[in-house]
Amino acid sequence: MGKKPVMLMILDGFGISKIDNGNAVKAAYKPNLDKYFKKYPHTELGASGLSVGLPEGQMGNSEVGHLNIGAGRIVYQALTRITKSINEGQFFKNEVLNSAVDNAVKNNSDLHLLGLVSPGGVHSHTNHLKGLLQLAKQKGASRVYIHAFTDGRDVPPSSAYMYIDDMEKYIQKIGIGKIATVSGRYYAMDRDKRWERVELAYNALVYGRGNKAASASEAVTNSYDNGKTDEFIVPTVIEEDNKPVTTIKNGDSVIFFNFRPDRARQLTRALNDNIFKGFKREKLDLKFVTMTEYDATLENVYVAFNNEVYKNTLGEYVSKMEKSQLRIAETEKYAHVTFFFNGGVEAPNRNEDRELIPSPKVATYDLKPEMSAREVTSTVLDRLDQDKYDMIILNFANPDMVGHTGIFQAAKKAIEVVDECLGRIVSKILEKNGTVFITADHGNSEQMVDYSTGNPMTAHTTNSVPFLYVSKNSTELRKDGILADISPTILQVMGLEKPKEMTGKSLIK
């Protein structure tokens with residue numbers, strides 16, 4: 001007798017909203033999902049704020065969502081931990097942060113603060129940058145420079161001017177710091193090995209090459225004049241007397257204050273790896289600190305806030321129970337179904353196979369809303385035919401990645417393609433008397449319009465997400481669940497007792 005696979009299908013960025021305006025989820029033609037919502041038990045889950053270990057009212061995101069789902073418990077996020085340490089004062093005693101500042105003071109070298117200057121709270125927070133400036137001032141550092149990456153995805157697309165202005169006012173007030181470069185996150189924070197983008201950011205940081213401006217505010221307005229919003233600001237060097245304010249040089253200290261790893265890794269590698277093949281560059285000798293651990297294999301890097309260890313995540317526990325599992329996603333979300341789902345552990349568990357499907361090489365995903373969903377689907381259907389896996393974790397990236405473009409019609413098409421794909425997968429699993437749980441990690445494409453301004457919205461939302469139980473067995477689901485309740489539910493269906501570390505509760509009544 002063949003296996004009865006249990007699949008968790010994560011529709012990334014697929015939230016629930018009753019409002020029709022800008023709701024690509026509601027507008028999409030999705031006969032399969034509509035049928036499942038009528039036929040099968042379903043509920044809604046909290047996927048933002050306190051429900052996922054973030055500050056109240058803070059939108060969820062993919063890293064946080066997958067961490068909470070995989071851990072089966074509320075995972076208190078780096079944003080919360082770092083903010084708390086600033087408020088309570090431990091931040092200013094952090095040995096690793098202090099060592100970077102001390103290195104600059106002792107050697108009379110520069111202290112460079114790199115990161116996303118945004119209160120979005122997904123990759124970084126401006127309050128953490130302000131905390132670093134306070135620390136530098138306390139320690140007597142005088143040569144402190146900010147390399148500002150502009151957002152436009154987790155906040156409105158043209159809001160950088162406001163955040164840069166706020167930072168320039170703070171610099172004036174505290175009497176320390178200068179903005180040296182401005183780069184859109186499209187360049188500085190690529191995560192898909194598009195090294196030609198990262199190279200432009202690197203050239204601005206290290207060689208002072210790129211667009212030129214007399215101030216950070218001017219860099220932003222120049223970009224707007226050229227029709228480029230915050231995410232796409234071409235790396236720009238701020239000049240004084242026709243010379244760069246500064247560049248990153250041998251002997252300097254660098255603190256990369258992004259706390260989310262996935263979009264900080266590539267630039268960190270370019271600045272630190274002994275052997276680097278992304279593009280031609282000279283290896284610098286730096287005191288380089290990252291706010292959190294971006295990747296255990298990074299060379300020449302010190303970590304200020306180490307990751308917490310989560311014992312008995314879903315993947316680890318299922319492996320201990322001698323069950324086999326498959327993780328599958330396209331490049332954009334591969335780290336989420338592997339590294340983040342496993343509690344920040346890179347190595348696969350025993351009997352955990354992985355399928356990485358390359359994401360399409362397009363400038364922005366509105367140009368190809370289907371992304372690689374059909375390739376993911378055909379691969380997982382082939383794997384199901386092998387009758388090998390007890391559990392499959394699958395992520396469809398489209399609703400999130402296309403939702404981030406702010407282009408409604410593209411997001412609608414993205415959801416329609418995902419609906420077509422998931423219909424094929426669900427049919428196959430039901431044929432095998434298996435179970436499919438359909439959920440999301442956070443909202444996005446259900447709100448493509450900023451209700452207050454009418455402008456396109458590119459950020460995540462605080463909306464709840466669906467949880468569908470698609471199976472030939474009938475059951476009832478409870479209300480008021482959170483993402484941490486998904487793993488205990490999966491274990492119950494697999495006939496496994498949940499480990500004591502999982503504090504989430506099964507959603508089955």
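Here, residue 1 is simply the first one shown, and the rest follow in order.
Positions of Cβ are set from backbone N, Cα and C atoms, glycine also.
Take the CB of Ser62 (active site, phosphoserine intermediate) and look out to 10 A: across all protein chains shown you find 28 other CB atoms. Swiss-Prot lists Ser62 with the feature active site, phosphoserine intermediate, giving sequence analysis as the kind of evidence.
The annotation Mn(2+) 2 binding site is assigned in Swiss-Prot to Asp12, Ser62, Asp441, His442 on the grounds of sequence analysis. Under the three-state DSSP scheme, His442 (Mn(2+) 2 binding site) falls in the coil class. When other Cβ atoms within 10 Å of the Cβ of His442 (Mn(2+) 2 binding site) are tallied across all protein chains shown, the result is 28.
The number of other CB atoms found within 10 A of the CB of His123 (substrate binding site), across every protein chain shown, is 26. According to Swiss-Prot, the substrate binding site annotation covers His123, Arg153, Asp154, Arg185, Arg191, Arg260, Pro261, Asp262, Arg263, Lys333, on the basis of sequence analysis.
Asp400 (Mn(2+) 1 binding site) counts 31 other C-beta atoms within 10 Å of its own C-beta, drawing on all protein chains shown. The annotation Mn(2+) 1 binding site is assigned in Swiss-Prot to Asp400, His404, His460 on the grounds of sequence analysis.
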Starting from the Mn(2+) 2 site formed by Asp12, Ser62, Asp441, His442, give every other residue of that chain whose CB sits within 8 Å of the mean position of their CB atoms, in sequence order. Ile10, Gly13, Ala47, Gly60, Asn61, Gly65, His66, Lys333, His336, Asp400, Ala440, Asn444, His460
Residue from Asp12, Ser62, Asp400, Asp441, His442 whose C-alpha is spatially nearest that of Pro261 (substrate binding site), among the recorded positions: Ser62
Long-range same-chain neighbours of His404 (Mn(2+) 1 binding site), Cβ under 8 Å, sequence gap at least 6? Gly13, Arg153, Tyr365, Asn444, Thr458
Quick one: give me the count of other CB atoms within 10 A of the CB of Asp441 (Mn(2+) 2 binding site). 33
If you count other C-beta atoms within 10 angstroms, which of the binding-site residues Arg191, Arg263 is the most crowded? Arg263
